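Chemist: Quick one: this structure, given as structure tokens, is what I'll be asking you about.
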Amino acid sequence: MIFPTKFDVIVVGGGHAGTEAALASARMGQSTLLLSHNIETLGQMSCNPSIGGIGKGHLVKEVDAMGGAMAIATDEAGIQFRILNSSKGPAVRATRAQADRILYKQAIRSRLENQPNLWLFQQAVDDLLVEGDRVIGAVTQVGIKFYARAVVLTAGTFLDGKIHVGLNNYSAGRAGDPPAISLSARLKELKLPQGRLKTGTPPRIDGRSIDFSVMQEQPGDLDPIPVFSVMGSVAMHPKQMPCWITHTNEKTHDLIRSGLDRSPMYTGVIEGVGPRYCPSIEDKIHRFAGKDSHQIFLEPEGLTTNEFYPNGISTSLPFDIQLALVQSMRGLEHAHILRPGYAIEYDYFDPRGLKSTLETKVIQGLFFAGQINGTTGYEEAAAQGMLAGINAALQTQERDAWTPRRDEAYLGVMVDDLITKGVLEPYRMFTSRAEYRLSLREDNADMRLTEIGRQLGCVGDAQWAVFETKREAVARELERLRSTWVSPRILAEAEAERVLGKGIEREYALADLLRRPNVSYETLMSLKGVDGQDLAGPGVAEDAVREQVEIQLKYAGYIDRQAKEVERHDYYENLKLPQEFDYMEVKGLSFEVRQKLCKHKPETLGQASRISGVTPAAISLLLVHLKKGGFKEFAALPPTSEAAA
């Protein structure tokens, strides 16, 4: 057999973005090559041993809805599961899991090795093959050339990466891995706009040296135990473990302050900007100087190791300060550090240089995903990787590209934010970033995206069957509740008060009763008639169906109102702008606005409206110019005042 060197799609990098990109492309039937500097680190969790959280869990569910691997791998590796914001509304509830690092890597690698159309090869990439304005392949560190019609680059923190511990630093992609210096230099040659960012990680602690008896235990949810994937189950979960909570104190803070003169962040050695929402412990005591204490979570790294991850003390301070600050906390007085914490600086490329498909604007066929685009977090990377893999595959199939809108998915919100606003610091997803979050819930990710995933070719038969069964069950139950009526004649007042909180004065459909804020699906199903017969139950047994039915009915008014709002803005939001248009010709626009529009070349009117400094008045002027300019898409538009609104 001849060794293959020609593929439809090449994916460079085997982290969370790269693995999802490669799997998505291969699921869609394209011959795909995944190049990684080390096959042993495919799917490695480089920082915290957890998946999900507010906003992040929503992204994982969306990746899962389209056939991705992160959620199901977490179900197979998760050693603690919790629903965050469980007492709040469904829009902001989020799943979070602690994962066994080894089991997670095994789950990801197993899927990669067993995925048809996917080849793995262990080699770092030093160069890209570019002809004119199109990428045609990649060159490895030993000069092996691979050719493809699309290349997805997911380099993580490896591009010219530099690790800092105190005032000492060295080149690395992460601890124990070499940096991608040649590839970084090559990308700079291609004139892609770039900058430097920074992230960090805490020291790891030997659990045998921790006194858990003086700490607060934090168990996972037990009733019910959450599941991440629509294809997952509680039976998949390995043994469950608790986390533990301790706190910093004044002594801790004094020790940190005493080391700031040797901090690479506070002495100007590090130039890259760090993540605002995952600050180092140095940043915390500086930014929140009035706070006496910070909560620290001791998270187990896995079932077969004593290593613990102290979430909340990411640091690049010198090792002697790291040791002292760890040992200043309750329960950690005799702690042994297994690995020092560090900060890492790396190159990223301005995501405003990308199309909404994550293809670069200047080089056809070259896609970027993950931290190279200025994001932070496994979940953000995985979602981008999946999208880039899908669009790389679609391009090689000569099919139309696909990107979800802001009202369709958190993935759509993230990509739109990145390509219109760019980043000044590592971008993290939150539910607050989404205007339509009531419609973008974890529980309906499959209802929003699985059908389109099936049409694209990245959702398999088994998952499609599960989805169809759920969708049909939800529709049947909604119809039953809307067509089943209860009257005062067959419902005793005492029973009505027990289930509904008060008697009923007329006939009601079960759907109307379930809309009441104090009535749950479970209690409604227990409703009995005067003769003891079931008036509502037994209902459906599947938790996912019950949850979907209850949310759809209880929030119907809000969801319908949001849908109408989306419809109102949809036309202008998705109105395609001519890519050859010269914005410098638009009279009335400020020079700054014209410059920004020329630089970013927005694909739609919605994207243009979200570019920093582009006002509603500027959008109205632009529309007037386009209507007068003979662009047929704009000729029949209503008055511009409606667009500005």
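Cβ coordinates are placed from backbone N, Cα and C, and glycine is handled just like the others.
Computed from a predicted structure; not experimentally measured.
Pulled these from Swiss-Prot:
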| type | residues | note |
| --- | --- | --- |
| BINDING | G13, G14, G15, H16, A17, G18 | FAD binding site |
| BINDING | 274-288 | NAD(+) binding site |
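Show me how these features fit into the shown structure, please.
Modeler: According to DSSP, G14 (FAD binding site) sits in a coil region rather than a helix or strand. In the structure as shown, the Cβ atom of G14 (FAD binding site) sits within 10 Å of 28 other Cβ atoms.
Counting Cβ atoms from all protein chains shown, R276 (NAD(+) binding site) has 14 others lying within 10 Å of its own Cβ.
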Chemist: Using an 8 Å cut-off from the Cβ centroid of G13, G14, G15, H16, A17, G18, can you name the remaining same-chain residues around the FAD site, in sequence order?
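Modeler: Once G13, G14, G15, H16, A17, G18 are set aside, the remaining close residues are V11, T19, E20, A21, S36, G43, T154, G156, A369, G370, A381, G385.
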Chemist: Least buried of the binding-site residues A17, C278, going by other Cβ atoms within 10 Å?
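Modeler: Selected from the binding-site residues A17, C278 on minimum Cβ neighbours within 10 Å: C278.
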Chemist: How many whole Å apart are the CA atoms of G274 (NAD(+) binding site) and H16 (FAD binding site)?
Modeler: 20
Chemist: Among all the protein chains here, how many other CB atoms are within 10 A of the CB of F288 (NAD(+) binding site)?
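Modeler: Taking all protein chains shown, F288 (NAD(+) binding site) has 12 Cβ neighbours within 10 Å.
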Chemist: Just counting, how many other CB atoms are there within 10 A of the CB of H286 (NAD(+) binding site)?
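Modeler: Step by step: centre on the Cβ of H286 (NAD(+) binding site), count other Cβ atoms within 10 Å, giving 17.
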Chemist: Let me know how many other Cβ atoms fall within 10 Å of the Cβ of G274 (NAD(+) binding site).
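Modeler: A count of 22.
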